[in-house]
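As annotated by TrEMBL, transmembrane segment applies to A:6-25, A:37-56, A:62-80, A:92-110, A:157-175, A:187-210, A:216-237, A:244-262, A:274-295.
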Amino acid sequence: MGSEFVQLSLTPMLIGILAAIACALPGNFLVLRRQALIGDAISHVVLPGIVAAFLITGSVSTWPMLLGAAGAAVVAVVLIEAIKRLGRIEPGAAMGVVFTSLFAAGVLLLEQSDTSSVHLDVEHALYGNLESLIWFAAEDWSSLVDSAALRELPPELFRMAGAAFVIALLTLIFWRPLKLSTFDEAFARAVGIPTVAVSLGLVIVSAVAAVAAFDAVGSIIVIAMFICPPAAARLMTNRLERQVFWSIVFATLSAVLGYVLAGYGPLWLGGEHAVSAAGMIATVSGLILALAALFGPHRSRIGAPTGS
Amino acid sequence: MGTTLCLASRERPSLTDPARSPFAISELTVSYGEKPAVLSIDATVPAGSMTAIIGPNGAGKSTLLKAALGMVPRLSGAVTVYGEPVEKSLHRIAYVPQRASVDWDFPTRVIDVVLMGLYRELGLLRPVRARHRERALACLERVGMADFAARQIGQLSGGQQQRVFLARALAQDAELYLLDEPFAGVDAATERAIITVLKDLNAEGRTVICVHHDLATVADYFDHVLLINVRKVAEGPVATAFTPENLQKTYGGRLATAHIDQLKLPAA
């Protein structure tokens, strides 16, 4: 675990951890609000926005992508509302139709456009390019204090760290309104909490997490991290504060274990190639959820239909 | 505004003057889709009263409260609390939603729910101190739930959940209490505990308004009623407004006359 680890594995692992935490934090509230699929929807919907932003600006820098993603999200919301009203169908179906069609449109757009010069293709959209985010300039652990080497860190790391920091800060500051309006929206309104703004803010923060993570780790991790760590964490405790703590633990564990298993697991098993880190991280998060569902201390739900 | 109100205001100017009423609504109309749920309702709840909002299922009782508090958009109408617009008076109101409106599987403890009642004091970031916890515990004590402070809320019975909601409202220390069906689906002990607390609140000079469904207890629990079925049917003191004729008008064919006769109605 020396120079090779620092150069090849340290930054992808850190980016994976940060992406996982950035998605898991808002995921806790989405899952409790029974809106877990919004994370799924967002990560699908942003694709055409990101591609369109790339086609217009010709670069994959952060702001055009964020704006493109936000634009796509707005289009999606309008479409979902329109389909709900005009077609008179339930919101879940409207959502499902809109986000799969938009994702498909994004894939088509991606295939038709010339994106060979940048890391933007269908595979990348799903798996990201975690393994390629290596730190060329690093020699060994001493590079961590070498300013010249630090300047060469992949920019995705700073982008992801920034997003994770902002999301963590917002979660802390707006903890009470978030918790209150998630538990009892009517009461929250009655004490003057702008619950519509809180819901919208939560969706926007989720979109920021999805867009920031999307570029580095792809949509598979985003979808998995919005749901798996918070859902597993819910089975570990009956207090929201601890649930969020557990979700961070599980997100980190998924990222580290998933990355290591993807890189070394197949070799240990006699295979020749490493597998996709993003796929393995998502798989590990699913396994953690399965284990929590089987052995978690609070897996029996009092509110479940059988119990009441 | 009908003539009854004008007459009433001449008799008791301090109680039914909308500018002093803790809860006055005028021309309130709410609609889900095409059909109005609440149609042009006026009401002036007297200060210091125990008021029941009564009507059949789907009459718009809960909607009336929610629309008054701005949770459901109003098509038209104004709501004032002590003469001020309701939006500026939220600090004077404690609202207890229907128990079934929340997910009791939510990961939180009884004491945390009661502390939610202190949100306006604590704001975003002020820390919860020992005195806040003591206040929350005292509120739980008042509803007989102090021993359950550390329980997860999903472990409570329906009646206990309702008492926790009431404790949270007590923590708000409000002047006006709005409760949506506080006695729905609770055990007899809880019903006694809740009405005792509500009567105490009322004795302290606070105004209590309940959406209520049990006609048999109206005369025992309340002194003022508002009978609605989408439109207002009657409003006034129990003695004069809670009459068989008004109930018949409110419930239409849904309430047999024989059933009305069994009710404890005020002697005419």
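Cβ coordinates come from backbone N, Cα and C, glycine included.
Most Cβ pairs under 8 Å with the transmembrane segment (A:187-210) belong to A:37-56, among the candidate stretches A:6-25, A:37-56, A:92-110, A:274-295. It is A:244-262 that, among the stretches A:37-56, A:62-80, A:157-175, A:216-237, A:244-262, forms the most Cβ pairs under 8 Å with the transmembrane segment (A:6-25). If you look at the transmembrane segment (A:216-237) against the transmembrane segment (A:92-110), you find fewer than three C-beta pairs under 8 angstroms, all six or more positions apart, and that falls short of contact. Using a cut-off of 8 Å between Cβ atoms, the transmembrane segment (A:37-56) and the transmembrane segment (A:274-295) share fewer than three residue pairs, counting only pairs 6 or more apart in sequence. Within the chain carrying the transmembrane segment (A:157-175), a Cβ under 8 angstroms from the stretch's Cβ atoms is held by residues 11, 14-15, 18-19, 21-22, 25-26, 62, 133, 198, 201, 205, 208-209, 212-213, 215-216, 244, all 6 or more beyond its ends.
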